[in-house]
Amino acid sequence: MPATDGCRLNPSTKLYINVSVLSIALNATFFAYLIYSDRLFDIGHCWSSFVLLLLPVIELLKQQYVRKAFQLDGTYQAKKGANTPLKEVGGLLGILLLSMLFYGFICLILGAPLDQFEETVSLAATLTTLTVFPIGLFIGYADTVRLFFSEAFDLRTPLANSYLTLLKNNCIGVILGAWGASVVAPLDWDRPWQVYPVPNVVGAIGGAFGMAVFTLLNTAYFVVCKSGAKKGIV
């Protein structure tokens with residue numbers, strides 16, 4: 001967790017706070033839109049409803065804000081020849097497709113119905129958008145592959161490493177949220193929000209929301225404790 005210098009927040013602490021607040025605001029807005037537009041139950045039908053396309057837009061907005069506000073460099077190391085935009089986009093799309101296939105396979109292993117292909121694709125797309133997509137946007141497709149197969153992966157600046165840690169923590173929240181939401185499926189309440197994959201998609205988004213809240217509160221607590229310790233010493 002980033003530290004502070006007296007009452008002055010360092011860049012890592014500002015990054016944690018600002019990104020967490022932005023994530024909370026955007027996810028809350030998305031949930032509010034789903035509820036008030038009566039589209040909550042469309043999130044399992046990616047062929048007929050495009051509501052899930054709002055999720056990559058949200059991630060793009062967050063990424064744009066982080067790059068502009070903090071001037072972050074997400075490269076692993078200096079490269080002699082940078083990838084062309086077309087190659088970068090193609091590589092990222094390939095990574096996202098492989099990620100969707102992986103998540104879809106995991107969903108089937110964990111009991112997703114074989115005859116509900118569209119619903120499984122919707123869930124896999126949501127998990128990919130909330131986990132792999134932000135990381136790929138930040139460090140590029142080549143470094144994303146390197147991250148998956150490397151135990152030690154450090155970027156060029158401490159601030160970039162802090163943001164990458166934030167993104168990896170977000171992945172944990174998303175996966176735990178999607179998995180934990182499965183407990184409502186076998187209950188005999190016969191509610192429409194129990195139908196697969198609505199609870200899992202909502203759980204994934206809620207997991208990202210919960211991790212952002214946890215990060216914000218944890219960072220704020222750390223700042224208050226550090227500030228109190230500084231005043232106590234003086």
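Each Cβ is built from the backbone N, Cα and C atoms, and glycine gets one as well.
Straight from TrEMBL, the features:
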TRANSMEM  15-36  transmembrane segment
TRANSMEM  89-114  transmembrane segment
TRANSMEM  120-142  transmembrane segment
TRANSMEM  163-181  transmembrane segment
TRANSMEM  201-224  transmembrane segment
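Packing against the transmembrane segment (201-224) from elsewhere in the chain are residues 1-4, 9, 13, 16-17, 19-21, 23-24, 27-28, 30-31, 40, 43-44, 52, 55, 122-123, 126-127, 130, 166, 169-170, 172-182, 193: each is 6 or more residues past its ends and has a CB under 8 Å from a CB in it. Sequence-distant neighbours of the transmembrane segment (163-181) (same chain, 6+ residues past either end, Cβ-Cβ under 8 Å): 15-16, 19, 23, 66, 70, 72, 74, 110, 123, 126-127, 130-131, 134-135, 138-139, 153, 155, 199-208, 210-212, 214-215.
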